[in-house]
């Protein structure tokens, strides 16, 4: 997605060779016009799939998933990272490791919101090692739902996330694939 790549080059910040900070437009301050275009692009890429729900993980994926859901006309479910007092105790759970936070945590989805009839599109902001997406795939499969694909805004193509997800038999569509971030410069895969 050229508009997204252009924005990453203009406003993204590289730290080391593996951290890309896009908080000025994607995951802290949100450019809603850009997110609308991202939502349309996800719809275009998955238009041949039957989607009944979009699943993401709190917090950065929620805004992206909600905008995309408008184009699919389906609800969004997000996996919670914390068992709050208002969280249903009857949940599907999966352990995921966060590359960003460098720690593991359990994510949960109420059994009320994912079931055997669901055909789920998983959406997230970043794909690095694939742990978050794989955790969500496991939750959908535990519910006997069907994963229709994984939509990623920015993929770190130099990490193994895509391969990990594809090894589970799931298609990945990334809107921008970063091939490398050497010398503070983002290079995209063609």
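Heads up, the Cβ atoms here are built off N, Cα and C, so glycines get one too.
Features as listed in Swiss-Prot:
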BINDING   20, 27, 156  xanthine binding site
BINDING   128, 129, 130, 131, 132  5-phospho-alpha-D-ribose 1-diphosphate binding site
In sequence order, the binding-site residues (129, 131, 132) whose C-alpha falls within 10 A of residue 156 (xanthine binding site): 129
Rounded to the nearest Å - Cα separation of residue 131 (5-phospho-alpha-D-ribose 1-diphosphate binding site) and residue 20 (xanthine binding site): 18
Greatest C-beta neighbour count within 10 angstroms, which of the binding-site residues 20, 128, 132: 132
Residue 20 (xanthine binding site) versus residue 128 (5-phospho-alpha-D-ribose 1-diphosphate binding site) - Cα distance in angstrom: 11
Distance, residue 27 (xanthine binding site) to residue 129 (5-phospho-alpha-D-ribose 1-diphosphate binding site) (CA atoms, angstrom): 18
Euclidean distance between Cα atoms of residue 27 (xanthine binding site) and residue 132 (5-phospho-alpha-D-ribose 1-diphosphate binding site), Å: 16
Whole-number Å value for how far residue 27 (xanthine binding site) lies from residue 130 (5-phospho-alpha-D-ribose 1-diphosphate binding site) (Cα to Cα): 18
Near-site residues: xanthine, ref 20, 27, 156, CB cutoff 8 A to centroid: 12, 19, 21, 22, 125, 126, 128, 154, 178
Other CB atoms within 10 A, centred on residue 130 (5-phospho-alpha-D-ribose 1-diphosphate binding site): 27
Cβ packing number for residue 129 (5-phospho-alpha-D-ribose 1-diphosphate binding site), 10 Å threshold: 17
